[in-house]
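Asks: The structure follows.
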Amino acid sequence: MTRDVRQLFGTDGVRGRANFEPMTVETSVLLGKAIAGVLLEKHAGKHRVVVGKDTRLSGYMFENALIAGLTSMGIETLMLGPIPTPGVAFITRAYRADAGIMISASHNPYRDNGIKIFSSDGFKIGQAVEERIEAMVASKDFGKLPDDHAVGKNKRVKDATGRYIEYAKATFPKGRTLKGLRIVLDCAHGATYRVAPSVFEELDAEVICYGCEPSGCNINAGCGALWPSTIQKAVIEHKADVGIALDGDGDRLIMVDEKGHIVDGDMLLSICASDLKRRQALSDNRVVATVMTNFGVLRYLESLGIQVTISPVGDRHVLQHMLENQAVLGGEQSGHMIFLDYNTTGDGIVSALQVLRIMIESESTLSDLTACIAKSPQALINVPVTKKVPLESLANVQGVLKEVKEVLGDSGRILLRYSGTENICRVMVEGTKKHQVDSLAKTIVDVVEAEIGAEISE
C-alpha cells in the first residue's frame, strides 16, 4: 500500500499504537531500509547507526525490525538497550555515528510507541529528510541491496548507559557534590530507571526512588512527569529537599519543592534563565519559550531584562527558534528544557542537575527560588477526541470561544490546540481570577467533548 507524503511522521517522529499502522513491524523494517537508503544517497561506503529504546514491551520487536531493515542495506548498527532519548543524541555524537534512533512514545501510555531519528550532529532530522524517508517507504525503492557478504553487522554496546551517566555528571561543577540533599526521584518506569538514580547517587545525594521497576506495561502509568502528585506526597512523607519527576524517555522534567508544591517547566526555565543571566552566560540575554508559557512567568523574565522569543509548542519548534536566535536556553511548560551548552535535545537529568546546582550555590531551597515568580491563574485541560477535525470548522466550538473571549476581555487569553502526538485537544485559559479561569475552561471543554469527544479506553 502506498502512502501519501507526511503520513508516517508527525510533530515528533513516527508515533502510534503498537501493532497498528504506522507502528507495525512491517513498516518499521521499511523505515530501517529507508533510513539506510537516505544515508547511502549521501555517500556510499560504511555507515553506523545507534539504536536505543525505552522500557515498553513493544520496544523489543521494533528494535529488531529497524535493525533488520538497516543491516539488510549494509548498515552497521549499535544496540544501546534502554537509555533516555538525550542519551541517544549524546551517544550518536560520541560514537561518531551517522544517525541515531530512539524507540519511544515519550510520555504516552505503554500501548503506544514511536521512532525518533537523530542526524550525526545529535539534532533531530528535519522535515526534508523525513519526507525523503517517507517517499522511499512509499515507493519501496531503497537503492541497490548489498551482496550477501556486505550486509551490516549488529553489535550490543555494553557501556552506553555508563558513558551517558558520566556525561550527565560532567555537566555538574567539578568538585561539587549533592551531599546533604535528600531527593525523591520518579523515573516513570521508563528509560531513566537505571541511569538517573546512578547520576544523583554518584554525586552523593540521598535518593529515594519511585517508578524504577519497569514491567514493559507500566511506563508513565500514574507516575513520572505527567503525574507529579506521586512525588508531592513522597517529598512530604520523606521530608525530602526536592522531588524530581522524569517522563518515559527522560527528556522532560517536573520538580516539587520541599513544601510539596509543583514547579513546572515555566518556573524551571525562569530559575535557569535568571542564573545564566547573573553569570553572564545567557546569549543575547534571550530565552525561547512557547505560546503556552504563563504570562506571569513572561512578565518575571522581562523584569529581569531577559528577552523572550515565543515559539509554537513542541521541543522541535523551541530548538528551531533557539538556533535561529542563537539562544542557549529554551523550554516549555510541560518540562522540556534545552541547554545547548550541554546537549542537542531536552534532557531531564541534566536540567535537574542545573537546578540543583543553583540551589546549592545560592544556598536556597527550591521554594526560595520560585517565591519571586507570580504566575497568572491558568487552567489546562486535555480532552480526548475521536479525530482532529479543524477547530475553525466547528461552529459551536468557535461560538463558545467568542463568548469566553468577551468575558475575559484584555485581562486573559485562550489557547485551543490539538496535541501533535496524541488524539487530544488541549484547552488552556488564562486570566486574573482562578475560579473564573477554571469555570471558563470547563465551559469550553463541555462543548469540545460534545462535538468531538472520545471515550477514554485503556
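Note that Cβ sites are derived from N, Cα and C of the backbone, with glycine treated the same way.
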Asks: Among SER106, SER119, SER393, which residue does Swiss-Prot annotate as binding Mg(2+) together with ASP247, ASP249, ASP251?
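Replies: Candidate in the recorded Mg(2+) site: SER106.
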Asks: Excluding SER106, ASP247, ASP249, ASP251, which residues of the same chain place their Cβ within 8 Å of the centroid of the Cβ atoms of the recorded Mg(2+) site?
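Replies: Same chain, not in SER106, ASP247, ASP249, ASP251, Cβ within 8 Å: ASP54, PRO84, THR85, SER104, HIS107, GLY190, ALA191, ALA225, LEU246, GLY248, GLY250, ARG252, GLY346, GLY348.
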Asks: Under 8 Å between C-beta atoms and at least six apart in sequence, can you list the same-chain neighbours of ASP247 (Mg(2+) binding site), or say none if there are none?
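Replies: Counting only residues 6 or more apart in sequence, the Cβ neighbours of ASP247 (Mg(2+) binding site) under 8 Å are SER106, HIS107, ALA188, GLY190, ASN220, GLY224, ALA225, LEU226, GLY335, GLY348.
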Asks: So what sits near ASP249 (Mg(2+) binding site) in its own chain, CB-to-CB under 8 Å and at least six residues off in sequence?
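Replies: For ASP249 (Mg(2+) binding site), the qualifying residues are ASP54, PRO84, THR85, MET102, SER104, SER106, HIS107, GLY190, ALA191.
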Asks: Which site among SER106, ASP251 has the most other CB atoms no more than 10 Å from its CB, taking these as binding-site residues?
Replies: ASP251
